[in-house]
Amino acid sequence: SLIYLDSRLHTPMYFFVGSLSFLDVWYSTVYTPRILSDCVSTNNHMSLAGCAAQFFFSAGLAYTECFLLAFMAYDRYVAICNPLLYATAMPKKLCVQLVAGAYTAGFANAIAHTGNIFRLRFCDNNVINHYFCDAPPLVKMACDDTQLYELIQNSIIGCNVLATTVMILSSYIGIGAAIIRIRSATGRRKAFFTCSAHLISVALFYGSILIMYSRSNSQHTPNWDKANALFYTVVNPLVNPFIYSLRNKDVKAAFKKIWGRLREP
């Protein structure tokens with residue numbers, strides 16, 4: 001809402017930041033209400049369809065964030081390497097198309113991921129030792145051999161992580177080369193801080209995802225899975241807005257301006 005209300009923030013960079021914030025809010029609403037409900041209620045039952053829906057949306061939003069972070073890296077590359085052509089190279093139409101493409105690719109992968117796990121037959125023990133319907137505890141309940149599942153899962157996740165990681169690394173290699181060519185220390189510092197928030201978000205998100213899915217199902221322990229899942233589903237979306245606004249003068253100025261308007265009689 002802050003980005004929408006202040007015209008100075010109507011730039012491609014803040015359009016992507018706003019899109020990420022919206023995604024994080026949606027991400028949290030997939031899990032948090034159910035987690036809070038389970039904490040205060042003795043009825044913790046969930047239907048198979050409800051479990052599948054929760055898993056589908058969580059997977060879709062996770063894949064979408066992968067692509068969105070990659071497109072944000074490209075946006076930073078254009079802003080730093082071609083600052084004079086930034087507005088021309090990143091028009092609003094292209095930004096909207098990139099965000100729409102991130103959601104399309106994200107939920108297309110979620111369909112494949114959800115179909116892959118819910119084709120398994122689950123045993124009579126239907127108690128999920130987890131905060132929500134996530135892949136590791138669901139696979140532990142499966143009666144079928146999960147080797148094919150793991151192969152398909154690793155292929156889906158691997159292709160997406162590899163594609164988006166290559167895009168992010170390529171963008172930052174170009175950014176690094178551009179920063180080296182900047183003569184003034186002030187200019188280099190400004191360029192670095194422009195990218196620092198995005199780099200922190202990438203490290204937190206990809207780090208938690210890789211920790212979760214780089215281990216085989218036999219290596220997963222319930223307590224470890226719970227801690228890691230809580231981090232990337234609740235903590236990471238909560239921290240992102242602070243990461244992008246803490247050292248950002250434009251956001252601080254916009255906040256003070258809006259706050260001043262609200263306090264006016």
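Here the Cβ of each residue, glycine as well, is placed from N, Cα and C on the backbone.
What TrEMBL lists as domain 'G-protein coupled receptors family 1 profile' is 1-244. Marked as transmembrane segment by TrEMBL: 12-32, 52-74, 94-112, 155-180, 192-214, 229-246.
Counting same-chain residues at least six beyond the ends of the transmembrane segment (229-246), those with a Cβ under 8 angstroms from any Cβ of the stretch are 17, 20-21, 24-25, 27-28, 30-32, 35, 58, 62, 130-132, 134, 197, 200-201, 204-205, 208-209, 212, 252, 255. Across the residues of the domain 'G-protein coupled receptors family 1 profile' (1-244), the predicted structure has a mean pLDDT of 83. Sequence-remote contacts of a segment are chain residues at least 6 beyond its ends whose Cβ falls under 8 Å from one of its Cβ atoms, and for the transmembrane segment (52-74) they are 16-17, 19-20, 23, 26-27, 30-31, 34, 46, 98-99, 101-103, 105-107, 109-111, 113-114, 117-118, 132-135, 138, 160-161, 163-164, 167-168, 171-172, 198, 201-202, 205-206, 209, 232-233.
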